[in-house]
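A.B. asks: A single structure is presented below for examination.
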Amino acid sequence: MSFKKQTKTPTSWFPGLKKERDLSHHKERYCTQYDVIKVNAYGKRQQRTLAVSSLGVSNLNGQSCQWFVRNSDVYSIEQDPTDSHKFSLTFLHRYHFEAETPEQAKSIISEFKRLGVGSPSGGGGGGSGVSSNGSNSTATSPNTSPIRLYVSDPSNQPTSSSPPPQPPLSESVGVHRSSPMLSSSRMISQLSQSTSENNISSPTYHPQGLSGSSTSSSSASGGGGNNNNANNSTPPNLIASSASNSSLYSSSINSSGIINSSNNNSSISFNNNNNNNNSNLTTTTTTTSTFKTPTLPISQASKFNNESESMGLSPLTPNSNSQTALMQHINAMPNTPNSNSTEGSRVWKIRAEELKKQFLLKKSSKSTQTVATTTPTPITKADIKIVLDDNKDDKNKDNNIGSGGSGNSSSKINKEKDNPYINQPSSLPSNNNSNNNNITKSNSTTTSQTNDKKDVCSSTINFDNLEVSSSSDRDLSSSKSLNKKNKQSIKKLTIDDFELLKVLGVGSFGRVYLVRRKDTGKFYAMKVLNKKDMLKKKQIAHTNTEKMVLSTMDHPFIVRLHFAFQNEDFLFMCMDYVPGGELFHHLQKAGKFPEELAKFYIAEVICSLHYLHSNNIIYRDIKPENILLDEEGHIKLTDFGLSKSGITSVVGSKNGGEGGFATTFCGTPEYLAPEIITGAGHGKAADWWSVGILLFEMLTGRSPFLASNRNDMYKSMIQGNLRMPMFLSSDAQDLLEKLLVPDPNKRLGSTQGFEEISSHPFFELIPWRMLESKMITPPFKPTIKEISLPNSNSNSNNNSQQPTNNNLTLSCDPELNAKINFQRRKSSAASVYNLDSPFKNFSWNKEEEDGIMGERESIGSISSNNSISSSPTSSSPINNNNSGGSNTAGGHRILTRKSTIGKNLRKGSV
């Protein structure tokens, strides 16, 4: 049942009450209002009111004015030919309106044109005009005296259509800012109409700067002319006028020789030359009187183009001055980087230099490794032996090469004067035929320079193709050869080099398998990601960041990446296998942790975050699911898919932070910082908020911000509605209250970072250095469940002879068959990804990286780690039971954790 009040008066087509409109732009002029519908480009219909007067057009929305435009600035108003209800108004943009009826649309257009809206000739004020000859007769229609635009030939040659020159513009008359066209009849008719309606005398401003002080119709430059209506006794600037002598407006304007609104044809001409100094602006009028005054250049007329003297905007008719400036700007633009691309070219130049340095570093690490690592101990004369040859294959053939040997003519010997390790040739026992310690060249044309003491002493050593071998560097040279052999023995890894043993977990973007490398017998946790899923979910940057962080970070509380490789469809990352399980699994079993145990875990988490923050990396996904426990009870941070590098700011930009920050909305909802939720930008302080959430959950067994839905939880996080349990200690409550502060600037750790948090009374008895070195025994050691594995030949791929047991069946489980799961997909999509794959630099090998960078120090370490260079740092029962990768008849017994896949898991990261 409807309770709507029924009224006798029918509802109008334009609903809503009539309110006072903002008509201040019309300045108390009579204006006509029309209720219309405004239609935007997307088809949205809005109720508007158009108010038009002799001054301009207003678009009213209720009591407010959306925009106001002068009549002279409107380019056109026209009715839609397809739909007679609609019409459009064009000035800066094209606006579409819809009237109630076609008749109303026609009446609106006629009224607009009557008031001079959209009229190119400038007619306005109801079509009234004023004579320019001083008489009281009304001027004819504006179409009878049009203003024409003449553009002269660039050759400055007069044509038949070019009008004669006329007097220059006065300084007091403002040239239109965007258009050179001056609508004289419109301005005169508006002034005459306003004076006739109000029947009052209004002062008229006349141009100053003319050569004469009077405002008569005679030429200001000395030209002759007759005007009987001029009043020489009136001051030169103001003339009192009324409705009876409204023709004085036209006569005064005609006296300066600028605008003539008589029935004769007037014109405006522009001389557009290639040179701006030669371009002239002349206003011509075909009258009986003759004016002979010099023309005014655009360079002098440009000072009239200011906002105070502008008569409005007309972007569709730009003046010649703006066109000339635009053409100069376009012609001055070279093909090389300019001011518009200075920043971009600078960034790319820096990036190119960095890539060049990296390339040269890798290239020179092979040839000049022994030179770069030379010990600063002084070298004796007998130990010096420098061999220079551009041909690297024949570099070590002979110890003494004659000076007449053939070689590249561009190679030179340069020797530094200040080098303490290389003696001058004059101090060495020399001989004309041979030298015991030779410094030779491959080019025979430069042998005379080696005998010349002055030339050799003034030269320097070029280290590009230099090899220094001495008795103290024999171990380094031998280690270099072993490194080269070891690097040649390293091959690219594939999935066939590993044996899938168990599914450890399933995440949002992939799976984690327990694998064993066939040649070494080492166990790893292999994370497998689908390339197609990564591309669909736009996780390319996160995946590459995770690989970069894991391959570069070296901390006892962070998992290490050993291998990263790929095929056409999948990405593989082999990391440390941590058998203790997830912290979430142990917290779920215990309900809540004692304060000492929670203090130990949160202290190790803070140490790992401090290491990441010192490398300008934020983690952004701290939760018990991403914290693993090793066999001793220490933590390991894993899953760096949401980490972000290059973060130097503690807070975001809207919070007053400086430096690099992030704005991506990502993380687990229960652990999101308020600045991440609001999108204000976040930095390192967002991780300290997550630390507070984690500590609260370990101490109480629940989340600090509980709500019925996620939006209410976000609101309570932003507002900081924290309810602290009474059973917590005072130090724990104080730490949680300072960590869970919504404002990141006031949060604990935002000013001094790790030092501010570690000095809190809650961590008073924590020895941080010993903790980071794993010298403190953990309060809890996880129970490792043992699972027996069947006997398998690591050198063969045939699993049919392997026995099975109750817990693991390798031959029957299709999920553990690499050929079934990760075989090459014969599809067109796989080949498309390989054309320009975003994961082209994903493959990484720790052994190969160690060989390139030369991190091995001695021959013994190289020989001992030649086959197993990627073993975990901490000794684990897995490595002890499987040393050397040998197989026994009874089979292997490995340690693994219980699966944490269950119905009690919270939702993953967003």
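Any Cβ shown, glycine's included, is placed from N, Cα and C.
According to Swiss-Prot, the record shows the following:
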- D621: active site, proton acceptor (ACT_SITE)
- L504, G505, V506, G507, S508, F509, G510, R511, V512, K527: ATP binding site (BINDING)
- 119-129: compositional bias 'Gly residues' (COMPBIAS)
- 130-160: compositional bias 'Low complexity' (COMPBIAS)
- 169-196: compositional bias 'Low complexity' (COMPBIAS)
- 209-220: compositional bias 'Low complexity' (COMPBIAS)
- 227-239: compositional bias 'Low complexity' (COMPBIAS)
- 270-290: compositional bias 'Low complexity' (COMPBIAS)
- 422-450: compositional bias 'Low complexity' (COMPBIAS)
- 788-809: compositional bias 'Low complexity' (COMPBIAS)
- 859-886: compositional bias 'Low complexity' (COMPBIAS)
- 498-763: domain 'Protein kinase' (DOMAIN)
- 764-854: domain 'AGC-kinase C-terminal' (DOMAIN)
- T664: phosphothreonine (MOD_RES)
- 119-239: region 'Disordered' (REGION)
- 270-295: region 'Disordered' (REGION)
- 391-454: region 'Disordered' (REGION)
- 786-812: region 'Disordered' (REGION)
- 859-910: region 'Disordered' (REGION)
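Burial and contacts for the listed features, if you can.
C.D. replies: Mapped onto three states, the DSSP output places D621 (active site, proton acceptor) in coil.
Its own atom aside, the Cβ of S508 (ATP binding site) has 13 Cβ atoms within 10 angstroms in the protein chains shown.
Every protein chain shown contributes to the tally, and the Cβ of T664 (phosphothreonine) ends up with 14 other Cβ atoms within 10 Å.
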A.B. asks: For the domain 'AGC-kinase C-terminal' (764-854), report the average pLDDT of the model, please.
C.D. replies: 60
A.B. asks: Neighbourhood of the ATP site (L504, G505, V506, G507, S508, F509, G510, R511, V512, K527): other residues with Cβ within 8 Å of the Cβ centroid, in order?
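C.D. replies: Apart from L504, G505, V506, G507, S508, F509, G510, R511, V512, K527, the close residues are V528.
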A.B. asks: Three states by DSSP: which one describes G510 (ATP binding site)?
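C.D. replies: Note: G510 (ATP binding site) is in a strand by DSSP.
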A.B. asks: Cα-Cα separation of G510 (ATP binding site) and T664 (phosphothreonine), in Å?
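C.D. replies: Approximately 22 Å lies between the Cα of G510 (ATP binding site) and that of T664 (phosphothreonine).
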A.B. asks: Could you state the whole-number distance in Å separating the C-alpha atoms of V506 (ATP binding site) and T664 (phosphothreonine)?
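C.D. replies: Cα of V506 (ATP binding site) to Cα of T664 (phosphothreonine) measures 24 Å after rounding.
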A.B. asks: Whole number in angstrom, please: the longest C-alpha to C-alpha distance across L504, G505, V506, G507, S508, F509, G510, R511, V512, K527 for ATP.
C.D. replies: 14
A.B. asks: Roughly how many Å lie between the Cα atoms of L504 (ATP binding site) and T664 (phosphothreonine), rounded to a whole value?
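C.D. replies: One finds 29 Å between the Cα atoms of these residues.
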A.B. asks: What does the structure give for the C-alpha distance between D621 (active site, proton acceptor) and V512 (ATP binding site)? Integer Å is fine.
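C.D. replies: About 18 Å separates the two Cα atoms.
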A.B. asks: Tell me, if you would, which residue among L504, V506, V512 (binding-site residues) has the fewest other CB atoms within 10 Å in the structure shown?
C.D. replies: V506
